Structures are given as C-alpha cells and as structure tokens.
Amino acid sequence: TERPQTGRLALYLLGLRATCPPSEPHRLLVTWLKYHLEEDWTGECSRRHGHPLTSYYQYGLGVLALCVHKKRVREEVTRRLLAAQHHGRLGHGGTAVDTEAVVALALTCLERRRLVGARLAAEIRAATQEVSRSMAKAQGPDGIIGNIYSTPWALQLFLAQGMCHTEPLYSRAMAALLGNLDTFGTAATMAQVLPVLHGHSYLDIASMPCGEEPDTLTPMAMEPAAESPGNKTVRLVVECAQPWCFELRLYDQQVSVPAAASLLDVLQAATTQEPHFTFDTQDTAQGPYLTQVLGLEARQQKRNYWQLLSAPNTPLLKSVADYIPHDGETLILRLSEW
C-alpha cells in the first residue's frame with residue numbers, strides 16, 4: 001500500500017498560501033491533508049510502535065499546514081506530537097533537530113492561533129520551551145544547530161518564539177547559514193532557508209497581508225554546469241555497528257565513477273560492479289535518505305539509521321545525491337543507533 005503523501009501535500013499547501021491566491025481553490029486539498037493525517041496513523045505498526053507511517057517530520061508539517069490555513073486538528077493529533085517530543089521519538093542528530101523544530105512550530109501555531117484549549121496551550125508552551133533549550137544545547141562551535149540543513153528550522157522556531165536577532169545563539173547560527181548558502185541547492189532546502197534570511201518563519205504565512213504586488217519575477221537563463229572530465233576512484237565501506245551483527249565491516253571495495261559523480265552515483269556504480277551490493281533510498285525534503293544497504297534496513301522503531309561518514313569519522317552534511325566525493329576518498333556507510 002502506498003504511504004500517505006502527508007509532507008509533500010503540506011509543503012504544497014504552505015507554498016500555495018504564501019502566494020496569496022485570490023480565491024480558495026485549495027479547500028479540497030486541505031480536506032485531503034486532513035485525510036492523509038488520519039491515514040498516516042493507521043495500521044498495526046503505528047498502533048504498536050506509536051509513530052506515523054511516514055515520519056514525525058511529515059506529520060508535523062501536516063499539522064503546521066492545517067494551522068496556517070486556520071483549520072483545527074483533533075486533540076488526539078496534538079497529543080501525539082506532544083507525546084513524541086516528551087518521549088524522545090523524534091529522530092537522531094540533525095534529523096532530530098529539524099523534526100523537533102517542525103513539530104514545535106506546528107504546536108506553537110496551534111497555540112498562537114488559539115486552535116487549542118487553555119490547558120493544552122499551557123502544555124504546548126512548556127514543550128516548545130523545552131525544545132528551544134534543546135536546540136541551544138545542540139549548537140556546535142561553528143554555529144550549526146544539528147546539521148546545516150536543520151539549522152534553518154531551528155532559527156524558524158527561534159523567530160516564531162520572538163528571539164532577538166542580536167542574541168549570540170541566533171547570530172552565530174545565521175553566520176553559519178550565510179557561510180554555507182551554496183549547500184541549499186534544491187527547491188525544498190531553499191524554501192527552508194529563505195524565510196529565515198528575511199527574518200520570518202512559516203508561521204508568518206498565516207498572517208501575511210495579501211495586497212496587490214507587482215510581478216517582478218523574471219526567468220533567469222541558466223547555463224548547464226560544465227562536466228568534469230575523467231574518472232575518480234572512491235573507496236566504499238559498509239559497517240554494521242549493531243551488537244547483533246556478526247562482523248563490523250560488511251563491504252570494502254574501490255568504485256570507479258566519473259569525476260563529477262555524487263555519492264548516489266557511487267552507490268549505483270557499486271551495484272553494477274558487485275551484483276550482490278544493494279541499497280535503497282526514500283525521498284525526503286533534503287533529498288534521498290538511505291534506508292537499506294546490503295539488505296539491512298534502518299528502522300525508526302529500532303532506533304537505527306545509516307550514518308554517512310568520510311573516513312575516518314567526519315559526518316557528511318549533505319544527502320547522498322548532493323555530496324560529491326573527491327578522488328581517493330573513503331566513504332563509510334555505518335548502521336548506527338540513535
């Protein structure tokens with residue numbers, strides 16, 4: 001059965017609301033999003049393990065989009081998000097930061113727009129304040145909160161909560177973003193960082209004035225990037241750091257690819273070079289997310305994930321499709337626990 005498209009539809013509705021449409025052609029889409037939120041929490045797996053079929057990231061986006069469109073959600077939906085935040089079910093590393101921020105933004109929106117009762121609003125305020133404290137602790141010496149992709153989400157939450165731009169926490173994170181703008185190369189990641197650069201969060205979409213604005217958007221001629229000539233060789237290593245694995249290193253091979261190849265291209269070349277090498281990905285807003293390698297699946301309910309590293313131990317801050325390894329680099333795919 002195809003999984004609910006909660007996150008994709010939520011992002012579309014947020015973007016649609018930001019364009020200030022003259023009428024409401026999106027009413028049916030809002031109804032569909034409500035349906036997807038319910039479908040996202042059906043089945044034995046969700047009831048047993050207490051998480052949506054997609055992810056809390058997508059589920060939080062769905063609640064946020066409905067709130068921005070001034071639609072209430074059932075109290076049970078809100079309490080699912082509160083329980084997930086309270087029990088630490090929202091992910092690992094940078095993934096945890098962006099998921100926590102999205103969920104906290106959704107909850108803050110419900111509380112600010114008075115779409116919940118007084119008692120629930122008090123619980124939301126306590127939970128979102130705790131998330132903000134967690135974000136502050138997650139900031140590294142380089143100003144990045146979680147990873148470079150989760151930093152705009154953290155800043156959106158700080159903005160929604162009224163943090164002053166001169167706060168050291170905020171200014172260090174903003175400096176990190178400005179120094180890494182070339183990292184945000186997809187439409188989805190640009191959509192996360194652009195509001196922050198203008199001092200806004202997604203919550204501001206709900207109250208933005210929709211006056212007449214001149215059409216100043218003009219197409220820009222884009223020249224295709226020149227392809228780098230030649231090939232490169234990348235060493236690909238697969239490790240399983242779980243106690244139930246018989247050995248740590250499961251795969252260790254040199255893979256030859258074109259000079260401009262991404263990590264995703266390396267993985268695809270490995271499947272051609274070694275027929276027994278397999279992998280699978282799942283589409284996310286940040287690009288393909290590695291879910292399976294050599295038949296070993298990363299499962300949220302088992303609290304494990306495929307960590308991407310440049311040897312010996314440097315985490316990659318880009319998706320498998322965006323990271324371009326250099327010639328002679330050793331890349332490690334490590335099944336780790338969070």
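Every residue gets a Cβ built from N, Cα and C, even glycine.
The cyanocob(III)alamin binding site feature in TrEMBL is assigned to 54-58, D98, N147, Q192, 289-290, 306-308, L316, W338. All chains included, 20 other C-beta atoms sit within 10 angstroms of the C-beta of W306 (cyanocob(III)alamin binding site).
As annotated by TrEMBL, disulfide bond applies to C67-C109. Shown in sequence order, V63, L64, C67, V68, L115, A160, L203, A206 are the residues of the chain, 6+ apart in sequence, with a C-beta less than 8 angstroms from the C-beta of C109 (disulfide bond).
There are 19 other Cβ atoms within 10 Å of the Cβ belonging to L308 (cyanocob(III)alamin binding site). The Cβ of Q58 (cyanocob(III)alamin binding site) has T6, G7, A10, D40, P52 as same-chain neighbours under 8 Å, each 6 or more residues away in sequence.
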